[in-house]
Structures are given as C-alpha cells and as structure tokens.
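Heads up: the structure comes next, in structure tokens.
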C-alpha cells in the first residue's frame with residue numbers, strides 16, 4: 001500500500017488535534033479532543049500530562065477511522081506543540097512526577113525575581129535570546145524539582161527526564177526509545193545556547209538542572225524513531241518532524257527566505273520574521289529564537305508577541321455585548337469611514353513587545369457625544385493592526401530588513417476589514433492563505449521532507465495557495481497621522497497607573 005499521507009499532531013493549550021495531510025498539502029481529515037485546565041492557585045496553570053497523552057491517542061484513532069485511511073498509508077508523523085509547557089517524568093515507569101506546568105503559568109515568578117537579583121539577565125539574553133520570565137521552560141523545571149520530594153536527587157542520578165510537550169509525546173509514541181527535542185523547542189527553555197547549539201553548562205548551573213535529564217536536540221526534520229506498533233494499529237510509523245507552534249506556522253506559511261514574516265492572530269498575536277542563518281540580537285525587547293534546523297543548518301527568527309488580539313474582539317462580544325458574534329465586528333467597522341479619533345488601547349494584561357509594560361491597563365481615548373458603537377468596534381479592531389506595526393517596526397530596526405509582505409493566519413485573519421487596515425497601516429501588502437491551518441501544515445511539511453513525500457522547500461512553496469491579497473490603499477500622510485495618534489494613546493495609557 002502506497003504511503004502517501006502525513007499525520008500531523010497539533011498539541012495545543014486547550015485541545016489536541018490530529019490531521020491527515022495529502023501530497024498536495026490539503027487537509028483530508030481532522031479529529032479534536034479537549035482536556036482539562038488545572039488552576040491550583042490564581043495565576044497558576046497546569047495540565048495532566050497523561051491526559052494530554054490520552055487525548056493524542058484518541059485523536060490519532062479518531063482521524064484514521066473518520067477518513068478510513070489505513071495506518072499503513074501514513075508515511076510519517078509531524079508534531080507541533082504549545083511551547084514552553086514543561087513535563088518531568090520517571091524514566092522507568094513513564095509517569096510524570098507532577099502536572100505539566102503550562103506556558104501561561106506565573107508560578108515561577110519568585111525564581112525569576114531571584115535570577116534578576118543575581119544579575120543573570122545579560123547572560124541569559126546573550127546566550128538564549130530570551131528574557132527572564134516565568135513563560136520559559138527552565139524555571140518551570142526548577143520549580144518541579146524544588147516542590148517534589150527527592151526530585152533533585154533522583155534527577156542527578158538520571159532517574160528523571162525533562163521535556164517540553166514535543167519531547168513527552170515522542171517519548172510516549174516511541175515507547176521510550178527516543179528522548180529528543182528539536183532546535184525550535186530547545187530554544188525556548190532558557191537552558192539552550194542558540195549560538196553554540198548546545199545545552200549551556202553555565203545556564204544549567206544557574207538553575208541547578210542536571211544535564212542527565214535533558215533530551216538530545218535534533219533537527220526539526222529528520223526520522224527520530226518509529227512508533228511502537230500497539231499505539232498505531234500495529235504499524236511502526238516514523239516520527240519525522242517537530243517544531244514549536246509559532247515556528248511551525250512560519251514554516252507552514254512558506255516564510256523560507258530572510259525577511260519574510262507571518263502574524264498569527266489568535267487570542268494574542270505572534271509575529272515571527274525569518275532572519276536567515278544569522279541570529280539578530282534585539283535592542284527593542286523582541287526575542288531571538290531558533291526557527292528550525294534542516295539539512296545540517298539552522299535558521300533564526302525574531303519574535304514579538306502581542307498579549308491581546310482576538311480576545312479584544314471576544315471582549316466586545318462577551319464583556320460589552322456590542323456584537324452577537326465576533327465576525328459581526330467586520331460589518332460594524334465597515335459601516336463608517338473612520339473611527340473619528342477614537343483609540344482603544346487593549347492593555348487588559350499589560351502590553352507585550354516592544355513596550356513590555358506589565359502595569360499599564362486598557363484605556364479608550366477620543367470619545368465624544370457623537371461616538372457610537374461602530375467607532376468603538378472599529379477602534380478596537382484597529383488596535384490589533386497598530387500593535388502589529390509596533391512589533392514589525394521593532395523587527396525592521398533590529399534586523400535592518402524592510403518587510404515586503406506580511407503573511408497572516410489565525411482566527412481574526414478572516415476579518416477583511418482588519419486585514420485591509422493592517423495593510424494600510426503597515427504600508428505593505430498582506431497575504432492570507434487558502435489553508436489557514438498553517439501550524440499543522442508546518443509540522444506536516446517538516447515530517448514530509450524527512451520521509452520523501454516532498455523533495456525540498458521549493459516543492460513545498462507550491463502548496464502555499466493565496467486566498468486574498470490586501471493591497472495598500474491609504475495615503476502615507478493619513479497612515480502616519482493615524483499611527484502618531486496611536487502612540488499618543490499608548491503614552492497616555494502608560495501615564496495612568
């Protein structure tokens with residue numbers, strides 16, 4: 001039987017999905033399963049790693065049954081995952097010693113404060129490209145080793161294993177034969193030197209993490225090991241591609257050349273720009289990260305995150321009840337010519353890149369007696385585009401690369417008003433693909449390259465299909481006037497604390 005399909009596993013923050021992708025890069029079938037969020041204390045977020053594994057087994061079975069595709073027809077498996085979420089488990093039994101600590105969780109704030117106090121910020125920045133923040137995996141591992149009796153000693157003896165979710169899934173799928181991660185996930189740990197491409201002894205010592213528990217770091221596209229047959233309907237299928245979710249989306253968007261960038265409009269926004277084989281150190285509060293490693297070389301990216309994007313539209317729907325469903329926002333915003341000087345700064349949980357101001361809160365400026373909900377809704381949508389310009393401007397400053405086009409995906413990229421305004425406020429075209437499942441496609445393409453479904457990146461590029469290209473319609477003078485108003489609004493919001 002011909003092996004012509006790739007199974008892509010997308011392990012996200014609230015659900016796990018499995019998709020089958022054919023040789024044309026089309027999604028043939030999908031299965032999805034949600035799992036529980038655990039909130040032990042305010043600001044803490046955890047997952048049961050065994051429940052995540054059970055959800056993965058369920059969606060693998062579900063998608064094969066739904067599509068009536070045999071496991072014999074699967075050429076390889078690609079994995080993309082919620083990044084930074086951390087699991088530590090017993091090497092012999094395979095049982096986690098504590099819940100997985102999720103990327104959003106703030107429970108390691110005290111460890112981060114101590115690292116800052118001890119003066120490690122420059123060391124971490126210069127070796128990992130990251131900031132000291134509870135977001136990243138290293139402090140989560142330290143927290144588990146501190147809070148589970150005997151864990152540190154067991155880790156030092158080599159009895160415990162550490163991994164981000166990709167590592168956990170590969171270990172389970174292969175029956176413990178492969179304890180590995182890829183470059184993109186390793187670069188999110190605070191423990192990996194992105195220049196020397198190795199676990200860094202100074203960083204490990206800083207957090208007192210035993211090297212014996214760390215996975216081997218491998219390319220993002222390579223056959224790592226085969227699945228154990230009893231997990232896969234009797235078949236041994238190669239696990240052949242891994243990338244963290246945002247890097248997978250960059251790959252799935254075909255952003256293979258230096259200077260190409262994508263923005264994922266989800267709950268927040270994640271912007272990544274490919275900077276090629278050279279890591280760009282940010283002077284503007286952006287993260288320097290590994291994009292992927294393929295064919296014996298690695299490529300780097302600059303990353304900026306916006307905390308509130310799609311969640312601002314949910315706020316219009318659920319909090320203010322201005323729209324019945326999120327998609328109605330496009331209709332309201334398009335009814336009027338402009339926001340009439342209204343600016344919404346959606347800093348509900350502070351502002352991310354390039355401001356990194358966790359104390360600022362949301363604000364609305366420019367209201368008059370004539371302001372109606374259309375202006376309010378439009379200004380809220382526009383705030384997503386302004387924040388995107390803030391980050392992209394910082395990327396251009398850092399990299400010296402001028403953006404030619406922005407590729408977009410994620411839920412809010414379906415909003416035509418927002419995409420047109422995004423193009424206008426950036427002054428560059430915005431391209432939306434037909435297939436918005438770019439994260440899953442990225443994982444599938446990485447696996448498919450390793451097992452020969454696709455020959456090279458040029459062949460993959462052909463499977464990126466344009467849905468709509470939004471050309472710049474706004475004059476430069478108007479663009480800069482609007483953007484200057486946004487900056488005034490942000491400064492005013494920052495002054496009110």
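Keep in mind that glycine also has a Cβ here, set from the backbone N, Cα and C atoms.
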From the candidates 135, 192, 195, give the one listed by Swiss-Prot for the same glycerol site as 83, 84, 245, 246.
135
Name the residue, out of 13, 14, 368, that Swiss-Prot lists for the same sn-glycerol 3-phosphate site as 83, 84, 135, 245, please.
13
Within 10 Å of the Cβ of residue 415 (ADP binding site), how many other Cβ atoms are there?
22
Of the binding-site residues 13, 14, 267, 310, 314, which one has its Cα closest to the Cα of residue 245 (sn-glycerol 3-phosphate binding site)?
13
Nearest by CA distance to residue 231 (phosphohistidine): which of the binding-site residues is it, out of 13, 17, 310, 411, 415?
17
Calculate the distance in Å between the alpha carbons (Cα) of residue 314 (ATP binding site) and residue 83 (sn-glycerol 3-phosphate binding site), and round it to a whole number.
24
Per DSSP, three-state class assigned to residue 135 (sn-glycerol 3-phosphate binding site):
coil
Looking at the binding-site residues 17, 83, 411, which ones sit with their CA no more than 10 Å from the CA of residue 246 (glycerol binding site)?
83
Where the record says 13, 83, 84, 135, 245 bind sn-glycerol 3-phosphate, what is the longest distance in Å from one Cα to another among those residues?
15
